[in-house]
């Protein structure tokens with residue numbers, strides 16, 4: 001049995017609109033992989049197909065050698081958790097209640113929590129630094145805390161893989177770092193495989209073991225941050241001219257400044273318009 | 001502050017729900033007895049007890065209790081429970097706070113199917129009536145959601161309500177035309193106002209098992225509905241079989257709404273009102289909301305029916321009109337509170 005996530009010639013579409021034509025790629029296990037790319041490049045779509053939130057039109061997705069669409073959805077939910085972008089909890093739901101929904105794949109019948117379920121829920125709450133807030137309504141928490149509650153729910157699923165779609169959206173800088181450091185801990189301490197879409201290139205580079213750059217439903221480049229965060233790749237992916245330097249703290253490549261490649265074209269458009 | 005208090009009570013939510021269920025069931029029983037006592041002719045409590053334990057078929061009051069008032073109050077109980085549970089299931093599945101079988105076209109669809117059935121089919125059995133009500137309820141919902149889906153942003157709660165209002169008005173007009181054209185006009189109020197008068201044991205025998213089964217399935221589904229109320233993507237990620245839950249949930253809603261229309265005509269707002277009240281009392285978990293909604297819905301309809309027969313005795317106020325009197329202000333409150341998202 002081959003460990004890891006692998007896709008084979010997958011095609012994904014929303015109705016008639018094809019987002020991914022044909023994609024074959026492997027995601028390394030036990031690492032943090034970040035996906036970058038411009039808006040509408042198919043990176044979220046790709047994540048959704050891996051989490052079977054979106055069906056595929058063609059191809060196969062394998063998790064540890066098993067095709068995910070052949071697995072009962074509950075069995076898959078024990079192996080792979082996915083957090084959509086900016087999920088919404090109903091008003092008044094408490095931290096502990098929300099996290100305990102992560103036990104759904106393991107529950108039978110009407111869904112009473114067993115002793116084991118309760119232990120895992122309190123472990124997930126502790127691991128995400130939410131101890132003491134169990135009884136709080138999630139709507140009363142800060143954005144960063146709320147995102148940690150959702151991550152705790154995914155942890156309670158006890159999966160080897162966690163997929164996250166822009167887990168730092170709507171968070172300010174400190175909270176963004178806090179969330180990503182939490183995910184890094186989960187990877188280092190608990191060995192979770194983490195695959196996430198990130199908007200911020202520098203954060204994506206800083207926290208990744210492996211990076212994937214998308215454009216128009218295709219993978220332009222996949223590899224270490226050094227292999228992906230360079231002038232050529234960013235030019236092809238984002239149509240920008242980037243100045244890349246090495247972060248003195250993390251020793252990872254970061255994009256210090258950038259310009260649009262087709263700036264001249266845009267200027268002439270404005271002139272014509274005027 | 002309020003939400004923090006709710007949080008502190010969380011551990012007790014299960015017990016609180018149980019306590020509320022018991023208390024409301026007690027109230028329900030009390031008002032059911034009261035409903036049998038009061039009416040055009042007052043029947044003393046001792047006679048009611050007598051009618052149950054020593055039934056005398058020569059005694060006109062005993063006959064009134066067993067054949068008129070008991071089926072009437074049982075109708076109010078099951079219709080109230082059915083409407084409230086169908087509303088709760090719809091609200092949970094669609095995350096639409098204004099979901100209600102009346103507002104979403106199910107009730108008027110069922111009523112039209114009923115009108116067609118009564119007008120054009122000879123010797124119609126009560127099971128056929130209920131069956132046609134299911135088809136009508138399903139078609140009504142399909143029309144409302146279909147029309148909404150043609151408009152960009154049409155699945156927003158308020159757009160659905162508008163589309164529901166348009167479809168309902170049309171369906172009610174057609175029902176009335178059929179009723180008048182076939183000289184069924186004595187029943188006219190039934191289509192627009194709702195009423196539980198004149199229901200017989202035969203009707204209840206066909207309807208109660210359906211409603212009972214519908215509520216039971218809703219309770220079994222309630223954990224999944226709770227998860228669905230966090231959004232479809234979260235639910236899928238947790239391994240909820242979305243298509244299964246939505247299909248079964250929709251069938252439950254159609255069964256409950258259709259049967260309640262077959263028993264009591266179109267009554268709007270119970271399905272929207274009661275789940276909100278239940279949520280206010282015990283929080284957002286549908287495993288608690290659904291059973292509590294059933295009891296609260298029954299309670300509301302029994303009390304409203306007592307009002308319907310006593311407020312302007314000897315004539316009766318249509319039950320549905322009374323409920324709307326209560327429902328419209330609450331509807332406006334929710335519509336205003338959530339105006340940004342509607």
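Note: Cβ is positioned from N, Cα and C throughout, glycine not excepted.
Heads up, TrEMBL stuff is auto-annotated, nobody curated it.
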Where TrEMBL places transmembrane segment among the ranges B:82-101, B:102-121: B:102-121
Range among B:201-222, B:223-244 that TrEMBL annotates as transmembrane segment: B:201-222
Dominant neighbour of the transmembrane segment (B:262-282) in B:18-41, B:160-181, B:201-222, B:317-335, by Cβ pairs under 8 Å: B:317-335
Among the ranges B:102-121, B:160-181, B:289-311, B:317-335, the one whose Cβ pairs under 8 Å to the transmembrane segment (B:18-41) are most numerous: B:289-311
Intrachain neighbours beyond the transmembrane segment (B:289-311), with Cβ under 8 angstroms and 6 or more residues off its ends: 17, 20-21, 24-25, 27-28, 31-32, 34-35, 38-40, 72-73, 76-85, 87-89, 92, 195-196, 215, 218-219, 222, 225, 267, 270, 273-275, 277-279, 281-282, 317-319, 322-323, 326
